[in-house]
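Peer 1: As listed in TrEMBL for this protein:
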COMPBIAS  305-314  compositional bias 'Basic and acidic residues'
REGION    292-314  region 'Disordered'
TRANSMEM  12-30  transmembrane segment
TRANSMEM  131-150  transmembrane segment
TRANSMEM  162-182  transmembrane segment
TRANSMEM  194-212  transmembrane segment
TRANSMEM  232-257  transmembrane segment
Amino acid sequence: MGTFIGHISPGLAFLSFGIFFAFRFSWMVLNGERIQYAERRKPKMQLGFRSFLCTLPVDGVLKVIYGTLAVMAEFFYPPGVNKFYFYLREDADFQFRNPNEWQHVTMYGYFAFSGWVDIVSQTCLPRRLVLLEHVGITVAFYITTLLLKFHMHGKEEVENRVHTLLLLTCFLTSLILTAEIWKPNYRQLWFSKTCLVMIQGTWLLHAAFILYRPPTGKRWDSTNMANLMFLTNFYCWHVAVNALLLAAIFGLTTLLYRLHLRSKRHGDLLKGKYLLGWNGVKERYDELQKLTRNGEEEEEEEEAQEKRLQEEVL
């Protein structure tokens, strides 16, 4: 994570999660849904592997993918690098190695583990364990907050200020997730945590350019108080921008929801016309069958009557 790509990749991950949940929660509110963790339909393995894949939780799968790729990148990126060790046997003092990488791996590992908990709970168990899923993601954010607090040793003030603001966002997210353990269906909490996750994403993206690729080509001077003050200004602007982005997503979802209702009503109308037409044809067909049966019965009665008359004559 201590590189440009190391900040861009988690930033994109958090931002994509935030946008995903912004659309999901907006749709749920417009659709009148009040339960955040609704029971999912369990997959039936006899229907095939493709059916099983369709029932996997999207957010759980993304957490596993993002977390696993991030762990692999910390140890083995760029290609040819191997940091999958924390001490060397050749070192007589057995000093720890790669502490930053192992802190990052610990953080990513908790998010990946939370994804596996979601997948197992929603697809493998007979009943979804909502509390276990929620505790999993809550612990992941608390671990991230803890690691960020003790991730500032030997760094310049600009980098420490950037990570302190990120720590604040993670801690607020953790508090909201903790409150949701008891109040999971409060819509205000849904959108609050969504906005905070989006802020983490955009702030990490911005931090990558502040720390590693400043547009001016010059490193930020940590001794300049104006630089530190503007870092806080930038963070406050991120809060406003993400709040506006969340409102825009809700507005876009409202338009999509209205189009969905309109197309649904149009489809129901066509279906109703089809059923009326089919019922009319069916009624005429039933009448024709009834007339045919009546005609056949009358012919049979006439034939039976003729036979009786012939027998009487004989």
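Going from the start of the chain as shown, residues are counted 1 onward.
The backbone N, Cα and C atoms fix where each Cβ goes, glycine too.
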Peer 1: What residues elsewhere in the chain lie close to the transmembrane segment (12-30), defined as a C-beta under 8 angstroms and at least 6 residues from its ends?
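Peer 2: Distant contacts of the transmembrane segment (12-30): 36, 58-59, 62, 66, 70, 187, 190-191, 193-195, 197-202, 204-205, 242, 245-246, 249-250, 253-254, 257.
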Peer 1: Compare 131-150, 194-212, 232-257 by their Cβ pairs under 8 Å to the transmembrane segment (162-182) and return the stretch that comes out on top.
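Peer 2: The stretch with the most contacts is 131-150.
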Peer 1: For the transmembrane segment (232-257), could you work out the same-chain residues 6 or more beyond its ends whose Cβ comes under 8 Å from its Cβ atoms?
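Peer 2: Distal contacts: 18-19, 22-23, 26-27, 30-31, 161, 165, 191, 194-195, 198-199, 202-203, 206.
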Peer 1: In terms of Cβ proximity under 8 Å, which residues at least six beyond the ends of the transmembrane segment (131-150) contact it?
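Peer 2: Same-chain contacts beyond the flanks: 37, 103, 106-107, 110-111, 113-114, 117-118, 121-122, 163, 166-167, 170-171, 173-174, 177-178, 180-181, 184.
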Peer 1: Could you pull out which residues elsewhere in the chain have a CB under 8 Å from any CB of the transmembrane segment (194-212), counting only those six or more residues past its ends?
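Peer 2: Hits for the transmembrane segment (194-212): 3-5, 7-8, 10-19, 21-22, 25, 158-159, 162, 165-166, 169-170, 172-173, 176, 220, 231, 234-235, 238-239, 241-243, 245-246.
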